[in-house]
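Participant: Quick one: the structure is below, questions incoming.
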Amino acid sequence: MTSRKRKHPLRWLLYTFLSLAALGWSAPLLLAVYASLRPYDETARLGYLSLPESLTLDYYTQAWTQAELPKYYLNTLIIVIPGVILTLLLASFAAFTIARLRIPGRKTLLIVFTAGNLLPPQVLITPLYTMYTWIELPEWLSSSHSLYDSYLGLILIHVAFQFGFCTFVMANFMATIPEEINEAALVDGASVWRRYWQLTLPLCRPVIAALSTLQFTWMYNDFLWALVLMSSGDKLPVTSALNNLRGQFFTDYNLLAAGSILVALPTLIIFQLLHKQFVAGLTLGATKG
Amino acid sequence: MTIRDRLLIFVGLGLAIAADLFLIWGPTLASVGLSTTDWDGISAINVVGAENYHDLAAEYPPFWSAVTNNLLWLAFLGLVATPLGLLFAVLLDRRLRFSRVYQSALYTPVVLSLAVVGFIAQLVYSSDYGVLNAVTGLTTDWLGDPSLNIWVVMVAAAWRHIGYVMIIYLAGLKAVDPSLKEAAAIDGANEAQAFFRVVFPTLRPINVIVLVITVIEALRAFDIVYAINKGRNGLELLSVLVTENIVGEASRIGFGSAIATVLLVISLGFIVTYLTQLFREPR
């Protein structure tokens, strides 16, 4: 009983500290929401930390229609959906050959793939940019007639940059699947494709769910690749297009706040809905197996 | 194995290897090669040896501010943000009421793009009507003052980084055998002793991963400063200088590649350390 009594004030301190931290952590986002609901001249006069005289959804309408956000959301989907699917297809097959078929040189391959994913993008972006401007594409693939300034170019670099990490995670996971499943299939004379597609992949569902949530968020949040590898303003994905809400001479930060909220919303919703998958994705690389 | 099986492996794995070589490692090596030339992307390529590196060190002031800022960024994330993330993980790794609520609040920023974090930071730090000045009564130009802005931007980056580190440590702590802590408690260790002497040493693999994430994040930092002021006036970073040489007016590919190579050498050191740790242990 005495130890219980002694612990009580400490517990109280812990709860106070955590509540303050949680409040402090949420404050910037809440502030952005608040700022986005107030007219510019009001916040310019009173500051962001003031009681509202009027609240309006005008900035959301403005960001939605004038800044044409729907178009940019669509651009993002055109890039991210094929990006995530291709990354996972490529990674799962590579992981399958490494972990289940045990091809020769598998360790070297895995090291090279994983290391590639850890590089800062800037170490390769200059030659990549030049190469993209050289590669010509037909009109139906790219309205700019080159890999530079095309959706395909962005999809390819996302896939190449992200599949290393996914391969690493999936190879680790596949290594934990009991060998017997594969052996039974071998006796049956199943083809490599059947062993990959029908026997291994269905067992990887939890990893695939976690990785697709994570990859969707990463690719959605990308700012750099589109900034360097795209030139047409109307093809930009939504995260990069946010910069357009900044005026050349004058920036209305309340409009920018509304834009930021709209851009952040899909990832926030996904995070709420697929909370478990997201956290699993982040920790998959950290905890083995 | 049938011919069809072999063909499938060849194509499937071949695509992966090709993507990795052509889009990642090829351009990385090209950066190193081009860093010894004066190429501007159009005219003929002349090899100039180490001239770019000499110019970088001797005649390009932003380079040293960028190196200093990257090191500061690394030190701040490593010595302030990462330990805080660990602290939160340790505090939350117990039976608490509202634990889910605290956790959600702390790691919500992790899902945000750093560009969005940069925009939100401007609402907080704006000199005229920002919240920080309103609360403190100051009139400081937090983002405009080149001796101050890197610090407040690092705080904004830490806002996201701390949650990231916390998630990873929470997962690591959950995997620690509870009987270890019980044994330490029976031996009379207090909570701090039990943590530092018993639990923390078992987290070694997690520590390495967190260290690498911290280093990589510090070297990759880009979006947040670019969203604030395109990485100028006190917010120079190596990543920004590389990008400026492509999207900027002057296309100095040789020179930009030299900066990229410096970045590569620093990151490879850490990547190699990490991979050795990762692949050494028997699985």
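Cβ atoms here come from the backbone N, Cα and C positions, even for glycine.
According to TrEMBL:
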DOMAIN    A:73-274  domain 'ABC transmembrane type-1'
TRANSMEM  A:12-37  transmembrane segment
TRANSMEM  A:72-96  transmembrane segment
TRANSMEM  A:108-131  transmembrane segment
TRANSMEM  A:151-175  transmembrane segment
TRANSMEM  A:253-274  transmembrane segment
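Give me the structural setting of these features: burial, nearby parts and distances.
Facilitator: Same-chain residues lying 6+ beyond the ends of the transmembrane segment (A:108-131) with a Cβ under 8 Å from its Cβ atoms: 94, 98, 147-148, 157, 160-165, 167-168, 171, 224-225, 228-229.
With a threshold of 8 Å between CB atoms, the same-chain residues lying at least 6 positions outside the transmembrane segment (A:151-175) that come near it are 75, 78-80, 82-83, 86-88, 90-92, 94-96, 98-100, 110, 113-118, 121, 128, 132, 137, 141-142, 200, 204, 207, 211, 215, 218-219, 222, 225-226, 229-230, 235, 237, 284-285, 288-289.
Listed as Cβ neighbours of the transmembrane segment (A:253-274) (distance under 8 Å, sequence separation of 6 or more from its ends, same chain) are residues 29, 32-33, 35-36, 38-40, 43, 59-60, 62-64, 67, 69, 73, 209, 213, 216-217, 220-221, 238-239, 242, 245-246.
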